[in-house]
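Chemist: Have a look at the structure that comes next, please.
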Amino acid sequence: MAIDKELQFTRNIGIMAHIDAGKTTTSERILFYTGLTHKIGEVHDGAATMDWMEQEQERGITITSAATTAFWNYNNQKYKINLIDTPGHVDFTVEVERSLRILDGAVAAFCAVGGVEPQSETVWRQAEKYNVPRIGYVNKMDRSGANFFEVVRQLREVLGANPCPIQIPIGAEETFKGVVDLVSMKALVWNDETMGAKYDVEDIPAELVGEAEEWRDKMLETLADCDDTLMEKYFDDPSTITEDEIIAALRKGTLAMQINPMLCGSSFKNKGVQTLLDAVCKFLPSPADTPTVEGTDPSDPNKVIERKTSPNEPLCALAFKIATDPYVGRLCFFRVYSGELPAGSYVYNARSEKKERISRLFQMHSNKQNPKEVIGCGDIGAGVGFKDIRTGDTLCDENHPIVLESMDFPDPVIGIAVEPKTQKDLDRLGVGLAKLAEEDPTFRVQTNEDSGQTVISGMGELHLDIIIDRLRREFKVECNQGRPQVSYKEAINDPVELREVYKKQTGGRGKFADIICRVEPADADFEGELQFVDEVKGGNIPKEFIPSIQKGFQRAMKNGVLAGYPLDQLKVTVIDGSFHPVDSDQLSFEICALQAFKNACEKAHPTLMEPIMKLEVVTPEESMGDVIGDLNKRRGQVEGMESSRTGARIVKAKVPLAEMFGYVTALRTITSGRATSTMTFSHYSEVPSTIAKQVLTEAQGRVDLIK
């Protein structure tokens, strides 16, 4: 029972937001107020505890997800908070994705001036995907142009959320000094002398009473929609609703993802962080609020297995991050969903089907490890000793295997060629790249078979900059880099039906496979690379050879017919075929499928696909014409323009990534440094034939196949 109680008072939460909304500063204040640090670290000084990589401290941004355990007393009860500080920059979106997969709740931070920005929209959608309940925190209330109510409106209109303010600010910009708590109807005013560690509870200032009552009524109305008991009281006599009932209704609505309680503050000025911690304890779920976790049987993917969130169940944990630590080596971060994980124990990896011994366990404080004997149910920890582990692997009891749903990561959109400067660097390069690729599923390393060049690919220029920086600092590798390359893909336009026969006679046993198949673009509602359909009747191709045909097509799709770019969104239907009782084997059918793919794609009007980026430019009115003119030259499509609250203009456009290299510098020149831009991946689209021919000529591809 004590363990269940401990679960009840545990919170696994993340802070997510657009870049520069103040996530790391908020995390630093949480560490300060919970007593984990005795001095506040500032991002702009390069001293933030959560930003522990040198590149993070230099650039003032968060790159990796730092995990920290803190404790907070609320209502005479000690709560354990596992806090993950995630990056806001779009190039590191994988860090957000894998953190949300294992969190129970999240704090969505918004800038009181910028409001809902492109990356805040991206992370909000990621949280929706993983059903993560959120509370909203409008930060930077002390800045010029801060407007809490405008941000609340944007949440409703841009994100389609149901924001429910439980506080309103007292003052704004330089006069911001506290908040009105709409639940207790008291004013909370922060004390500057104590670095914001203490605040005074006062009566609401007379000039705010009317506004506070109006917003309290809106809060109660929102809650009444989610809670039938409260609805009756709200319509009979709202004054009879108690504080405890409001808190219970807020928690219930948040857990059901019907509402998002909204708070405000200024983390940098030490105002609003304690009430945010209280709200985390009050409204966000504990591991016990998710009574079961679902997975599948490794031997039968259609069989669903449920595990209760209990220490008495067999072990079930998910590895969500791999990191290389200079002191302890390969570190695996995981979340325990059921059972317990003692140090020195063996665990079964459902993907590799191997047992691994975890030699040591840690609870993390940023990049420092605190040794632990056991990581309990519902907790987040890190371990060393794994030989073969990847992000998304399920760790379980060998006698009770289970596979949790893994994580999908986006394909890289940009690549650069790298070559070591000296022979000594060459030896270290392979080791460094392999370790970095283990840590980051959106980072890929390939060797060009023709030129022997090593090409590294990632989510953006900043992503690759930091990889090269880490090679230099952590692995002591100096390398030259080529110009950025776009990660093109290939696709086909037309359906093709063909017969492919593979026959080889070498004396003795030969090779034979015969396939009749239809190759065409995948169905519109299909998500993934290969949509494979088996329509073979009467055993003309034995069932044991069908997976080899599928494997052959999957292998072939990694190198398209135009210039060896990968191909996805393909549908292959195996209609018929034949086999030889002696000469046919799995390899014969795999090779036959490889040949069928090549011959079919050449006839199916192949086309080149390029990544299209969603671009948002904030520019002064007088530069708008130049900005739009420049986007038109870059094959951009302007989708809309609107005015920001600060009087600037916001231009929204879709632009091919190939045209966007060096855009930040060009934009600075056009607008005399007064504009900013954010870019996120949108989708892949067909390259116009004239440009496709240029690209294929440079890549020494099959220009003759482009119509």
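Cβ from N, Cα, C; glycine included.
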Chemist: According to Swiss-Prot, which stretch among 288-308, 351-371 corresponds to the feature region 'Disordered'?
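Modeler: It is 288-308 that Swiss-Prot describes as region 'Disordered'.
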Chemist: Inside 10 Å of the Cβ of A17 (GTP binding site), count up the other Cβ atoms and send me the figure.
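Modeler: Result for A17 (GTP binding site): 29 other Cβ atoms within 10 Å.
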Chemist: What same-chain residues, at least 6 away in sequence, bring their CB to under 8 Å of the CB of M141 (GTP binding site)?
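Modeler: The answer is A112, F148, P169, A172, E173, F176, C264, G265, S266, K271, G272.
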Chemist: Reduced to three states, what secondary structure does DSSP give M141 (GTP binding site)?
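Modeler: Coil, per DSSP.
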